[in-house]
Amino acid sequence: MRCDRLWRDARLATMAGNGLGIVEDGVVAASEGRILYAGPAADAPAFDPDRAETLDGRWITPGLIDCHTHLVHAGDRAREFELRLAGASYEEIARAGGGIVSTMRATRDADEARLVELALPRLDALIAEGATTVEVKSGYGLTVADELKMLRAARRLGEARPVGIRATLLGAHALPPEYAGDADGYVDLVCREMIPAAAREGLADAVDAFCEGIGFTPAQTQRVFDAARAAGLPVKLHAEQLSNLHGAKLAAEAGALSADHLEHLDADGIAAMARAGTVATLLPGAYYFVRETKLPPVDGLRAAGVPIAIATDCNPGTSPLSSLLLTMNMGATLFRLTVDECLAGVTRNAARALGLQAEIGTLEPGKSCDLAIWDIERPAELVYRIGFNPLHTRIWKGL
């Protein structure tokens, strides 16, 4: 059987099914950017490849997926980091005009080209560790023009680098100063102008919101979900990070792809997510960076069978992190996730959190040939080692 590329003498973690899907003597064959075969060499058809590589026992996993980032932004929040170290809370900083609003000012001042220029090094850091798909949110423009500018910048990242980009409109991220005291008026803008414009221009793959005391109420979040659904866009939600407003349950009832953060998630929210198949995206970098003490209810999520993804949450204020390898280690050490859960969290469950489970996230025939090839002895090394990048080769769409 003819194929474009063949990788042999490899060990595979296909991530298919519920475990790692380990194959000790494996082969991956691809043609036209799609996987033809991924499995035991003994069961492989007789392939006639245009290009074959012998991997000498290296491991192949699916390309890694970062399903929650805020890569596109200008400015930094190093000064706020110092304030937090001195005892100021995230809420206190936000209410004093810092936080998201300070990044908003810098992002509004930057043009699209500058935003791309600033985001590329962050994206490159993820790519260097095997990422083949990255979600990128807006949310620092908070006007129609500036949110669309951010989404265009996100699309341009995918043109500048060999990586899949999923752009998420996060217009309901914070209340801009010009709408102080009029959150409902700002939500009107998001629902009536921002979401329709992003959908009309094909700039957004999903819509997100920040349901929190310093963000938007459940009723306002529901309006955002309704507008997204009317525009034909799936939804996601920042929920239960700082308090429990029952946002995860609201998201699940709206059929959300994922609910993210979830430190304050309760049993009702877990049950709703399990019923809906909504992915729990945990963000250990933010938990670590803002020195949270309340852990997400991992045992409850496990018991209910809720799929768990993990992501960097790369952003300037609460998780200036651009390493999925470190994120996996944090997921294990801080949240007590297993190695299998961490690896699933940046592959098959991350794909599901983006609605891409039929396309990426596992090594299976018909899926995009997105691979990460590693110089390791066992998959646990990807979670165990700190400050270590054993990536040998990254393949995106067969190239």
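Cβ atoms here come from the backbone N, Cα and C positions, even for glycine.
Note that this is a predicted model, so its numbers are computed, not measured.
What Swiss-Prot says about this protein:
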type	residues	note
BINDING	HIS68, HIS70, HIS238, ASP313	Zn(2+) binding site
BINDING	HIS68, HIS70, HIS238, ASP313	Fe(3+) binding site
BINDING	ARG77, TYR140, HIS173, GLN241, THR318	4-imidazolone-5-propanoate binding site
BINDING	TYR140, ASN315, GLY317	N-formimidoyl-L-glutamate binding site
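Locations of recorded Swiss-Prot features on the structure.
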| residue | record | contacts (Cβ under 8 Å, 6+ apart) |
| --- | --- | --- |
| HIS68 | Zn(2+) binding site | GLU135, LYS137, SER258, ASP260, THR281, LEU283, ALA309, ALA311, THR312, ASP313, ALA353 |
| HIS70 | Zn(2+) binding site | VAL136, LYS137, GLY139, TYR140, LEU170, ASP313, CYS314, ASN315, PRO316 |
| ARG77 | 4-imidazolone-5-propanoate binding site | GLY98, GLY99, SER102, THR103, PRO316, GLY317, PRO320 |
| HIS173 | 4-imidazolone-5-propanoate binding site | ILE100, LYS137, SER138, GLY139, TYR140, LEU142, ASP208, ALA209, PHE210, GLY215 |
| GLN241 | 4-imidazolone-5-propanoate binding site | GLU212, HIS261, LEU262, GLU263, HIS264, ALA286 |
| THR318 | 4-imidazolone-5-propanoate binding site | TYR90, ALA286, PHE289, VAL290 |
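Look at HIS70 (Zn(2+) binding site): DSSP puts it in coil. The Cβ of HIS238 (Zn(2+) binding site) has ASP208, ALA209, PHE210, CYS211, GLU212, GLY215, GLY247, ASP260, HIS261 as same-chain neighbours under 8 Å, each 6 or more residues away in sequence. Excluding HIS68, HIS70, HIS238, ASP313, which define the Fe(3+) site, the same chain contributes THR69, LYS137, ASP260, HIS261, LEU283, ALA286, ALA311, CYS314, ASN315, SER319 within 8 Å (Cβ to the Cβ centroid), listed in sequence order. Secondary structure from DSSP puts ASN315 (N-formimidoyl-L-glutamate binding site) in a beta strand.
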